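Novice: Below is the structure I would like to discuss, written out as structure tokens.
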Amino acid sequence: MGYDSSFVGNYIPNQSSLLPPQLATDLFNAGRSRDQQPAGTYAREVLEQLLIDLSWSSSRLEGNNKSLLDTQALFELGEQAGPIDEDTLMLLNHKSAIEFMVEAVPTEGITVPVIVDLQAKLMRDLLKDSRDIGSIRRRMVNIDGSVYSPSNIPMLLEETLASIVDKVRHIRNPVEAAFFLWVHIAYLQPFSDGNKRTSRLSANMPLMLYNCAPLSFLDVERTDYATAMLGVYEQRNVAAAVELFEFIYRRSIQKYSVLRASLAAPDPIRVRYRQALNELMQFVVFYGRTLENAFSEVPVDAADIAALRVIAHTELDHLEQYNCARYNLARGMTQRWIDAGRRR
């Protein structure tokens, strides 16, 4: 059973629909942010939790044996967490890919190069042949447990991936667009490996652009996921995929809406000492000063020093390349400070 090009070819954005139209509308209304903010704001606000949730759930669907707590500890400690085996590498690659996506998609949009780079991030150091990383497939792939045989013609794969991207960029409802990308990248199998991983992360791109709740794929059983994919592979039937997607996304909406609301009320100490906190971070990371020494250079009321000290330590604990710009710190400099042991 080969690839059916009419599955994507017959799809007309905003006329055709893979999701039931009312369901797509309902999910969009439930998941979208009511605030007028730049693209990617929602994802950035919940990024710390999203990195853990999506990395773990997507890796788990690939057979990864690390627990959710293992994943959280790994991301907090980085490579200092211990020996790097294949499961650890898979999780770290997911984290890197999600961070890349959050940075790239709001500025570059959904493009073929962004999707190809996403696969490269996901599969780094996991494939024997480095030519299979970040490039369109040029050899056969088999789908375990299925009679489906994807196309093996590189030119067709390139043209079809370009068509998928072109169509998704024209879909007005980001939830329909997310489902479209998830299904079609998995069905096309444009890469030698990592196609399902790439499809899951790519599904978040339209949601990110429209500031909708992200799609984390938490609480999905591997058997249910396989059943949904088999319906697509062998019959181009999305009924099981629709049911699974609705379950996943409603849970994601609930989780990240609650998380975002808990982050909404600003800390009065943070607000009052916003500039002071910027200066403290720069003294420590850029100038290499101790935090206590930095406090001597920044005007802070005596009654607020203890509270601001706790905030500063927390920010230094969580400072990474992807969030250092808010303190006007360069990514390279921040990484060097992290590699040196987060001295303060």
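Count begins at 1; order follows the chain as displayed.
Note that Cβ sites are derived from N, Cα and C of the backbone, with glycine treated the same way.
Copying in the features that TrEMBL gives for the protein in this structure:
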| type | residues | note |
| --- | --- | --- |
| BINDING | Asp193, Gly194, Asn195, Lys196, Arg197, Thr198, Ser199, Arg200 | ATP binding site |
| DOMAIN | 110-250 | domain 'Fido' |
Novice: Other than Asp193, Gly194, Asn195, Lys196, Arg197, Thr198, Ser199, Arg200, which residues of the chain come within 8 Å of the ATP site, judged by Cβ distance to the Cβ centroid of those residues?
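Specialist: Checked against the 8 Å cutoff, the neighbours are Gln119, Leu122, Ile185, Ala186, Phe191, Leu201.
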Novice: Check Ser199 (ATP binding site) against DSSP and tell me helix, strand or coil, would you?
Specialist: helix
Novice: I want to verify one value. Collapsing DSSP to three states, which class is Gly194 (ATP binding site)?
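Specialist: Once the DSSP labels are grouped into three classes, Gly194 (ATP binding site) ends up as coil.
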Novice: Once near-sequence residues are set aside, which residues in the chain of Ser199 (ATP binding site), 6 or more away, have Cβ atoms under 8 Å from its Cβ?
Specialist: Leu181, Trp182, Val183, His184, Ile185, Ala186
Novice: Return the residues near Arg197 (ATP binding site) by Cβ distance under 8 Å, restricted to its own chain and a separation of at least 6 in sequence.
Specialist: Ser58, Glu62, His94, Gln119, Leu122, Met123
Novice: Taking the Cβ of Gly194 (ATP binding site) as centre, how many other Cβ atoms lie within 10 Å?
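Specialist: Its Cβ has 24 other Cβ atoms within 10 Å.
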Novice: Per DSSP, what is the residue tally for the domain 'Fido' (110-250) in helix, strand and coil?
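Specialist: The composition, in the requested order, is 87 helix, 2 strand, 52 coil.
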Novice: Taking Asn195, Thr198 as the binding-site residues to compare, which has the smallest set of other Cβ atoms within 10 Å?
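Specialist: Minimum Cβ neighbour count within 10 Å, taken over the binding-site residues Asn195, Thr198, occurs at Asn195.
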Novice: If you average pLDDT over the domain 'Fido' (110-250), what do you get?
Specialist: 97
Novice: With an 8 Å cut-off on Cβ-Cβ distance and a minimum sequence separation of at least 6, pull the same-chain contacts of Asp193 (ATP binding site), or say none.
Specialist: Met123, Leu126, Leu127, Asp132, Val141
Novice: Give me the non-local Cβ neighbours of Lys196 (ATP binding site): same chain, 6+ apart in sequence, Cβ-Cβ under 8 Å, ordered along the sequence.
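Specialist: Those within reach of Lys196 (ATP binding site), by Cβ under 8 Å and sequence separation of 6 or more, are Leu61, Glu62, Ala186, Met229.
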Novice: Looking at Cβ-Cβ distances, which residues of the chain lie under 8 angstroms from Arg200 (ATP binding site) while being 6 or more apart from it?
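Specialist: In sequence order, Leu54, Ser58, Leu61, Trp182, Leu215, Phe217 meet the Cβ cut-off.
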